[in-house]
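Per Swiss-Prot, these features apply:
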type: BINDING; residues: 371, 372, 373, 374, 375, 376, 377, 378; note: ATP binding site
type: COMPBIAS; residues: 1-34; note: compositional bias 'Pro residues'
type: COMPBIAS; residues: 65-74; note: compositional bias 'Basic and acidic residues'
type: COMPBIAS; residues: 84-109; note: compositional bias 'Basic and acidic residues'
type: COMPBIAS; residues: 722-746; note: compositional bias 'Basic and acidic residues'
type: REGION; residues: 1-203; note: region 'Disordered'
type: REGION; residues: 721-746; note: region 'Disordered'
type: MOTIF; residues: 327-355; note: motif 'Q motif'
type: MOTIF; residues: 484-487; note: motif 'DEAD box'
């Protein structure tokens, strides 16, 4: 085991400047070297006898000794050596002290090198006397400092202190900081930002945009600024220089002169000129700007008028070159026979979605209609559909087996039957057959109804897929596809059947995915397949279907997506318990404020029969509608309500979407819906076709998940108010309600 050896101590520093001899003068020759000292390297020792000359010469160590010593050193180094904490600190401080001294020595050497060769020559001259010829001596220092040294014999002045090192901390602090950095690591959050450098950097590149008035020299030499020309006007004045009064005076003088020259033909020409002048005044100028869009002719409508028109009906469109909406049925572009049917059915004014969607559909463009419930979407796709298939050859024995020309997909049986009733009003007078394919009926019976062929088939996705898989129906010549309530179909799990139906369509008449799909002339010449999708919301699955099967569609948005129509007044009441809600329902029905038909919604279908019995005990007739009813029972219940044979319909969310019952004055949510979308479609059963309605909702603490959305919907409505108990409820303050509280506890 060998002890740790310390390195030899550093050489002593050079003697101070005050004890050094002055340099030799340059005018005195150097003394000759001693005779006994040779100038070259001494190779032969002197003949003089030295002490210990007769002793035995020390022999060098052998190889075995060297190897043995090396093995001993390696063995000792391999053995662990215990060092106490004090020894380790002492070794580290000693090592650090040497590093600091070495760094200080290097800095002093670099500082001394800045003075040139004067210091070097001075130290060399003071340390030893030259012993060789002049050529072997160090060079004499030159420059101004050397001349001062020769004159007064002093050293060169010390170098000027560096500005950067002028405020250097003392060595003890620097040493402590370096030791701290070595053992604890560098500081991670230490900022290297320099405010002085940043300020300097920004002020150098800052451009001054201000200018003074005395810098403007245009007044000195440009006469335009000193002699401004005044425009001369006639009469009251106008930008063109003439007013209407002056123009009328000139026209009147011209007409009088014309009549005097030729009383017969001049008077006729004067009448034509006056008529032209009158029309010019009516059609142009300020008078047209002041007119409302309803008072203008179609050719006089400007871009500003169309913008105001869209704002009035809350219409938003996007998707390329989209035609302007129609203001009335006469400007729709529909054939005369279809317009006569519209008038016969009783559609006086088109709804907002009909104004925007029909002109686009007549150009054979694919369409996505995002409209609130109860906005009249059925007629917006039925009328363009009839115009399209009227251009196709009629069905006969040769093409009857190739399937229908158009299919309409609906999520529920009730909605499909309702669409079939509305479609038959327009299709039957034009000679087109319609067929409905829904569940609840015998599939063989429905196939027998289609034995003569049908141009239009309205179906639910599940039953239509069954017919296609059983080879009872083919879609070989289907050229028109409509998906009504597409988001509802996706929610009910019909995404896969919808994809199967759309994949079964022929690809020969599919539109190209290019700019030609937006050209109405090209689409009409080719008679390509046209696809229309109507929805109230746009979930991801609906967007996925639209991207796959629609080509450059035009998107029409009516109102705000997910909001109720403005014709429905929403009232909400905080009532806990079934019995209290039944008493409040009896008060509402007995108030006489609302006339039948009335719809009451509940969340659980077993409550339908119980609530219906209670309503009968109150003195009102009622029927029920829920998922456990057969198709015949559903149709009978809706027929009784439409024919006003019963007063109240008690239903679940099955009837909350797509069921069109006219003149529903009141909707009561006996149980608050589980989602705000279901609530929107429930209250959409009233206030349809531009009529007003009322929706009353009972809510409790169990509905905390939807209270925030309910409060937001009431806030956006202009005819509804938010009650204080709902406004201050804890669950209505943030989205999520009770779910966020549960997540916070877990």
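One-based numbering along the chain as shown.
For all residues, glycine too, the Cβ spot is worked out from N, Cα and C.
DSSP assigns residue 371 (ATP binding site) to a strand segment in the three-state reduction. All protein chains included, residue 375 (ATP binding site) registers 22 other Cβ atoms within 10 Å of its own Cβ. Ranking the binding-site residues 372, 376, 377 by the number of CB atoms within 10 A of their own CB puts 377 at the top. With helix defined as DSSP H, G or I and strand as E or B, the motif 'Q motif' (327-355) counts 17 helix, 0 strand, 12 coil. Remark: secondary structure over the compositional bias 'Basic and acidic residues' (65-74) totals 10 helix, 0 strand, 0 coil, with classes taken from DSSP. Note on the motif 'DEAD box' (484-487): mean pLDDT across this stretch is 88. In the three-state DSSP reading, residue 376 (ATP binding site) counts as coil.
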